[in-house]
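Peer 1: Pasting a structure below so you can have a look.
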Amino acid sequence: MAETSVFSIMMLTVMTAVGRGATDRPGRVSRCGERPSANASVTYNLLSRIVGGTSAVKGESPWMVSLKRDGKHFCGGTIISDKHVLTAAHCVLDKNIEYHVRVSIGDHDFTVYERSEQIFAIKAVFKHPNFNPIRPFNYDLAIVELGESIAFDKDIQPACLPSPDDVFPTGTLCIALGWGRLQENGRLPSSLQQVVLPLIEYRKCLSIMETVDRRLAFETVVCAGFPEGGKDACQGDSGGPFLCQRSQGRWVLVGVTSWGLGCARKWVDNILDPPERRGSPGVFTDIQRLLNWLSANLNQDKPDFPTYEVQCSTNDGIEKGTAGEILLPTDYRKYYSNNEKCIWTIIVPKGKHILLTFNSFNVEWDYSCDLDYLVIYSALGRLIGKFCGDVRPRPLLIADASVTLKFISDFQEYKTGFSLFYQAVEPNTYPDSDCGSVAVIFEEGEIQTMNHPHVYSSHANCQWVVHSPANHIIKITFLVFEVEPSEGCIFDRLVVYHDLQGTMVAGIFCGFSLPDPVLSVSNVMQITFTSDYSVNYLGFQAVISFVLPSSPVKSETQWKGNNQPRKNQDAMQHYEEGCGVSPLPPRFIHHNIIKAEEAMPNSWPWHVSINFGNKHLCNGAILSKTFVVTSANCVADREEFPSVGLIVAGLHDLESSTDAQKRTVEYVIVHPDYNRLSKDYDVALIHVQMPFQYNSHVQPICLPDGHSKLEPSKLCVVSGWDLNVELSTKLQQLEVPVLMDDVCKKYYDGITDRMFCAGVIAEEDNVSCLAQSGAPLVCQSDPGTYVIFGIVSWGVGCNEPPKAGVYSSVPLFIPWIMETILSVAGIANTDTEPHHPLIPPDKLSQEKALLPDSPPSNDSSSSQDIYVTCKDVMSLQSPGEIKLVASAQDGPEGGRCQLIFQAPEDHFILLHFKQLSHEHYSLIIYEGASSNKTFKAQLTEEKIPTIMKSVGPVITIEASSTAQDSALHLWLSYSFHNQN
């Protein structure tokens, strides 16, 4: 009877959790794929552009290796264990390589000594036996065994090898590293370089390579790169790592740099170019395809290591019946093999459910279970649990008649494995949930979302019921918490109840802030987790503990909670003071340039929906409290009936606009040169009747200066509700590379100087459907700050083979945009009528009150227009216009002067720059004056803002030169405005 009681409790004690040991042991001295010395806020810049390479940040690549011959770098490599480095086979063809080559790790800049740098001798080299140096296109991989072991620390760590079931989809942005040449036949850099490249579909790569040489056959390669070139690995990068990031953050060695035709050459339309000018994507040796060879050679020095010729050391496959046992390995005295991949599918009679009970469990531990692990999938392929460590997982009740188990082991560290018993049970024996299992917990331990530490599943509906011993209450303490944020937690949520009926709510949680511990009011607690159909994060991990009611409790508020999204307070102290900064920073899970993903709610706070007839028509971006920019083709036919238009800001879900700001359109201003047929000058401004109220969901986007130009392959972001062919009700985001003009013109007729293309030319989803018109394309300027560079104009239809999107180039329209807004506000020409007859004259006074977002008018009736030379200090206390000139004639050592603009105490200053040209002059702008001034900006001819706003009432422009051939011409207007 006692035995039956114990088994009954075991059946009820069901939870989906990562098994772990009783102590928080590291499992290994190192943690592969992590960067301990890198700043937590710093990551590989996936929105950077590199031609041949740009300097990596020291500490970001602790697995990087330099192979040096006679002290000079010639190839790269990657640390994968304390004694092994991976490189390309073609890098280690020297017969006496052990004598001539040394391995340098912890090095970043070759020109300086770094404390982290260590030099190792080579003990042995193992080239893949199928590598052919005459045709070095396949199996280009070698293991370098070091003479001594590496001592891992914060500066030196191994990269992760891929597991057999790692999948990185086409378009995923990955990183290549090396000290290779910055351009074809160019110079070698002194510091480590990095380049961001998207993965190319395998068959697409093969078709490209046929244009290079039809005789080439590729079996073990992975390709990456941009069709228009501009980014690539280059000479000297050979053997270096090509890494992709798992969803939970670890970096995986997907490839080893092998070869490419030229460096960063374009390969789009290769067949049209002469052979000597053709290019190719970057070609990397595919590590995943060579895992078996790696495992066999990395474990040669382990005498007790079991070797198997088959992929799985036991009999896997289909298990049918009402009960049975699965063992790995089959002999309890042995270990499981490294590099194993075993798959079992359990099928019980139709109408039954499956109970899994673990008898033993000992699998290499890792906090994210990425090394060795057992995963369990439902019949529909939904992940139920992922397990590692030496603690037996609790019994799992699978709400189906079929379940799949997969065991994966990596190339090092092996344990005694596991054994489990499966049994068919009646469906109604225990309550099920859509998680595929139910958790009824009687013991202290951990719970977590399915698939943690990977993203949780869509449509989850999970439930845990916790019972504590008599005279105890339950405490849940959160270790990890990342759940899709939303106001009121309406999308994904974790709810804690004080009762089994679900009537006493202890707390509702979502977002990224770690909730406070939650205490029950009795010895029962119910926890539910639900998710909608999209936007999945890492979920939560929490500790369940039992405490006495007399234990100290902060207050009753500790029992309740509502975990709302974090604000980006550091980036934006006040909503009114900035542009292009999201209080809820954007976040990408997949970093894919082909398939869009749902944006984190309100992370693009300038994006608006333009509605006509109560339906979403197209997109736009907020420029000020009263102006929105969009495409002319969106609104050109609606100029005469603007009042039927509605601008919806702060919107994430088109079907749920409860918290959004809705503004009626006052008038529409289409660029006067807009051509309906050619879509040239495809830009328009929309003025709303009532100003937007800036908050965490509604913010303006920054405008670029008129001289800005995007370089090819620059990665930017386009947002919209329709990026993946079908119209999505929730806002999506997609990273897109900017294409070269000639590539764009090859695919589209009618590309003008006011257009550019961005996106991927591939047989995937089109990014420029009709309903996406007007959507903003934004690029990072400073970290966390975005600038609008493009407005979606047109593209091919959604049902055709896609091409890149065509965008109106915003920098070229800056003069028109600013002139229009200024004329409405009455600044640019206060004594003249507005430039656009659609703007009623009686609206000008209303506009003046809306600054600084719409550039304001002067508060003072007096003004001064001054023409001065650069000498001494000049104080300007009335608004007006000034032209500052200087030349070598001003003095034998050039000129030096200060312009101090002094507004009333409660005002700010608006500078409107009209012209700047200088030779050997330094122009610096400061907030404040004299000893109280602080640096604000440095002006150059290439980087001059159209308008600059001060924070306080005083701003200083300092011009200086010591050169005899110096010259300066600065022309600007300035105005003072009330802070209120």
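Just so you know, the numbers here start at 1 and follow the chain as drawn.
From the backbone N, Cα and C atoms, a Cβ is placed for every residue, glycine too.
Pulled these from Swiss-Prot:
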ACT_SITE  His90  active site, charge relay system
ACT_SITE  Asp140  active site, charge relay system
ACT_SITE  Ser238  active site, charge relay system
BINDING   Val112, Glu117  Ca(2+) binding site
DISULFID  Cys75-Cys91  disulfide bond
DISULFID  Cys174-Cys244  disulfide bond
DISULFID  Cys205-Cys223  disulfide bond
DISULFID  Cys234-Cys263  disulfide bond
DISULFID  Cys312-Cys342  disulfide bond
DISULFID  Cys369-Cys388  disulfide bond
DISULFID  Cys435-Cys462  disulfide bond
DISULFID  Cys489-Cys510  disulfide bond
DISULFID  Cys618-Cys634  disulfide bond
DISULFID  Cys716-Cys779  disulfide bond
DISULFID  Cys744-Cys757  disulfide bond
DISULFID  Cys769-Cys798  disulfide bond
DOMAIN    50-299  domain 'Peptidase S1 1'
DOMAIN    312-425  domain 'CUB 1'
DOMAIN    435-547  domain 'CUB 2'
DOMAIN    593-822  domain 'Peptidase S1 2'
CARBOHYD  Asn39  N-linked glycosylation site
CARBOHYD  Asn766  N-linked glycosylation site
CARBOHYD  Asn858  N-linked glycosylation site
CARBOHYD  Asn932  N-linked glycosylation site
SIGNAL    1-21  signal peptide
Peer 1: Can you check what DSSP calls Cys462 (disulfide bond), collapsed to helix, strand or coil?
Peer 2: strand
Peer 1: Using DSSP reduced to three states, classify Cys174 (disulfide bond) as helix, strand or coil.
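Peer 2: Where Cys174 (disulfide bond) sits, the three-state DSSP reduction gives strand.
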Peer 1: Among the disulfide-bonded residues Cys91, Cys342, Cys462, Cys489, Cys634, whose Cβ has the fewest other Cβ atoms within 10 Å?
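Peer 2: Fewest other Cβ atoms within 10 Å, among the disulfide-bonded residues Cys91, Cys342, Cys462, Cys489, Cys634, is found for Cys489.
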Peer 1: According to DSSP, which kind of secondary structure is Cys369 (disulfide bond) found in, if we only use helix, strand and coil?
Peer 2: coil
Peer 1: Across all the protein chains here, work out how many other Cβ atoms are within 10 Å of the Cβ of Ser238 (active site, charge relay system).
Peer 2: 24
Peer 1: Distance between Cys205 (disulfide bond) and Asp140 (active site, charge relay system) at the Cα atoms, whole Å?
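Peer 2: Between the Cα atoms of Cys205 (disulfide bond) and Asp140 (active site, charge relay system), the distance comes to 17 Å.
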Peer 1: Using a 10 Å radius around each Cβ and all protein chains in view, which of these disulfide-bonded residues has the most neighbours: Cys75, Cys510, Cys779?
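Peer 2: Going through Cys75, Cys510, Cys779 one by one, the largest Cβ count within 10 Å is at Cys510.
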Peer 1: Which one is it: of the recorded positions His90, Val112, Asp140, Ser238, whose Cα lies the shortest distance from the Cα of Cys75 (disulfide bond)?
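Peer 2: Result: the closest of the recorded positions to Cys75 (disulfide bond) is Ser238.
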Peer 1: Ten-angstrom check, please: count other Cβ atoms within 10 Å of the Cβ of Cys205 (disulfide bond), all chains counted.
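Peer 2: Total other Cβ atoms inside 10 Å, all chains included: 23.
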Peer 1: Relative to the Cα of Cys489 (disulfide bond), which of the recorded positions Val112, Asp140, Ser238, Cys744, Cys779 has the closest Cα?
Peer 2: Cys779
Peer 1: With Cys744 (disulfide bond) as the reference Cα, tell me which of the disulfide-bonded residues Cys174, Cys342, Cys369, Cys510 is the closest one.
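Peer 2: Answer for the nearest of the disulfide-bonded residues: Cys174.
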Peer 1: Using Cα coordinates, what distance in whole Å links Cys174 (disulfide bond) and Glu117 (Ca(2+) binding site)?
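Peer 2: Per the Cα atoms, Cys174 (disulfide bond) and Glu117 (Ca(2+) binding site) stand 26 Å apart.
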Peer 1: Using C-alpha atoms only, work out the spacing between Cys342 (disulfide bond) and Ser238 (active site, charge relay system) and round it to an integer in Å.
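Peer 2: Spelling it out, the Cα of Cys342 (disulfide bond) and the Cα of Ser238 (active site, charge relay system) are 34 Å apart.
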Peer 1: Where among the recorded positions Val112, Cys312, Cys369, Cys716, Cys757 do you find the Cβ with the fewest other Cβ atoms within 10 Å?
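Peer 2: If we count Cβ atoms within 10 Å for the recorded positions Val112, Cys312, Cys369, Cys716, Cys757, the smallest count is at Val112.
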